[in-house]
Structures are given as C-alpha cells and as structure tokens.
Amino acid sequence: MLLNGIVAAVITMIITIIGIPRFIMFFHKKKLGGQPTLEDVKQHASKAGTPTMGGFVFVVVSLVVSLIAALVFGKFSPAFITAWWVFAMYAVIGFLDDFLKVFKQINEGLTAKQKMLAQILIGIVSYFIYSHGEKSHIIHLLSWEFNIGIFFSIFIIIWLVGWSNAVNLTDGIDGLASITVAISLTAYAVIAVAHQQYDVLLIILSVIGGLLGFFVFNHKPAKIFMGDVGSLALGGFLAIVSILLHAEWTLLLIGAVYVIETLSVMLQVAYFKKTGGKRIFRMTPIHHHFELGGFSGKAAGWSEWKIDIVFWLFTAVLSVIALCIYFAF
C-alpha cells in the first residue's frame, strides 16, 4: 500500500513539473500582475512581476491523482473524502482571493469577513463528513483521550481556520512554505503508515509530490509563488490530517514554525497598539525580521536561503521529536 502512495507522489510531482512552466507562460502572455512585493525589504524588489497562483497547479494535480488512485486502489473512504474535501475547498477560497487580486485588480481580494465565513462553512461540512466515519468525537493528547461530543465541531472549525491562516503567513519568501509543509506532511505520512491508514497516506503523499514538483520553480530565485490558493489549502490540509490520524497535538510541534510566525504577528500588532507605534520585531511575520537583520542591529540580515534552511531544519528536528513522543505514548 505504501508503494501505491509513492507511485501517486511521483506521478503528481512529474505532472506538476510539466504543468508549472505552462502556467508561468500563461501569466507572462496575459501580462498579469504578480504577487505584491514588500517595499520595506529591498531584497524583494527583484520579485516584482513574478507570477503567483502556482498553488493552483499542484493542488489540482494532487486532487486528481489522489482521487483516481483512491478509486483504483479501493481507498475511497470517509477519511479520504474528508481530507480531499478540505484541501479542495480551502484551495477554492484561496483561488477566489487570488483571482480578485490578479485578474480583477482588487487589491484586498476577499474581505476578512468573507474568508472567515467561507472557512467556517467548510469546517461545518467537514465535521459532518468526518462524523460519518467516526463514532466518537475524541481529541487525543499523548495517551489521554477526551470525548467532547458536539463541541468537536467547534474544535474542527477553529483548528482548520487557525492552521490555514498560519501557513498562509509562513508563505513569505522563496521556497519556505513549500518545503516546510512537505516536511510536516512527511511526519504525518510516518504516522499513517504506522497505523495502516493508507487512505489518508495516499493523499498525503500525493500532496508531498506536488510540493516537490512546485519547489523546482519556487526555490530562490522563485519563478512563481503559490499564492493563497496554495497556502490556505496546505494549512487546512495539515489541520485535517492531524485530526484524521488522531494526532492533533503533534501539529503544535510539527507545525511549530507556523505557530511562531503567527504569534510574531499577533505580538507585533498588540505591542504596536499598546505602545503607540513601537515594535518588537523589525517586521512580521518573523521570517522578514531575520531578513532585515533580526535583533543584531545590523542593516544586512539573513539571506532567503539561510532562513529557509534554518526553518526547514527546525521543522525537521521538531517533527522527529513529535514522532518520538507520539510513539512513546
């Protein structure tokens, strides 16, 4: 069964590698604007005009390949459907947001209220799909289990909304989000194999394959960005996978980078309002803080490659620690 997932991953990666250049050509041919650049970060000046919405390619390819594989290998289960649904619907939200920004020149895209309402609705539907295949509504913490009944629906909504936006914040420099999420998903692939949840493993490996294919064009200097269509989908997918594998708490370690990125923004905003304009960090999310010199006081900060490598290694180490703790209990 693991081999089936690996084959799906390789197919997804190859199709993504073939599809991305054509997507980039489409953007250039239509002379569409790229993802907005940060004026405060001089290193980002060269990114102006770089195509975005690349997540559309790896999301669609991952969805199609995993669906075909699930039907062929008999893994079209409630768990697979739930993961597939969340990944697809969060991609739809991101696609609409990107579409308004890029094609309609509406800088704001979807409003915060529109995004939140859509995410809540997806969370509610996800709860009912998940409940069809689950007899209990249990949250797992190490060796303890907590059956929270109907409140599990609220947990799913909060979990999905929180993690989707956290990954969205992490997608700020070349290659950062794509490989960080790939590492996180690899940890969940290990858990899926250990518990023989090959239905969930199938879509996990398909998404990893898509991310690796996308990274070929997203590493520094990026030829394309994933956009909200990619980052929101990946965050929601990570959240639902942790639930489906009954390993919710592990995401706090496996996804520590996303937590830190989000907390840096929250702390910055709160401190800015409290002090009337003072800042804790040079810029948030925190990866931009390191780009601008961090706490060193120097004008020159870390290169994007250095930030990527540090964040990837941090995620890999914490993922291993999370797995060790998980299997110990």
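For all residues, glycine too, the Cβ spot is worked out from N, Cα and C.
Residues or ranges marked as transmembrane segment by Swiss-Prot on the basis of sequence analysis: 1-21, 53-73, 76-96, 109-129, 141-161, 173-193, 198-218, 237-257, 309-329.
Comparing 53-73, 109-129, 309-329 for CB pairs under 8 angstroms to the transmembrane segment (198-218), the maximum falls on 53-73. Spatially, the transmembrane segment (309-329) is adjacent to the transmembrane segment (173-193); three or more Cβ-Cβ distances between them are under 8 Å for residues at least 6 apart in sequence.
Tallying C-beta pairs under 8 angstroms between the transmembrane segment (173-193) and each of 1-21, 109-129, 237-257 places 237-257 first.
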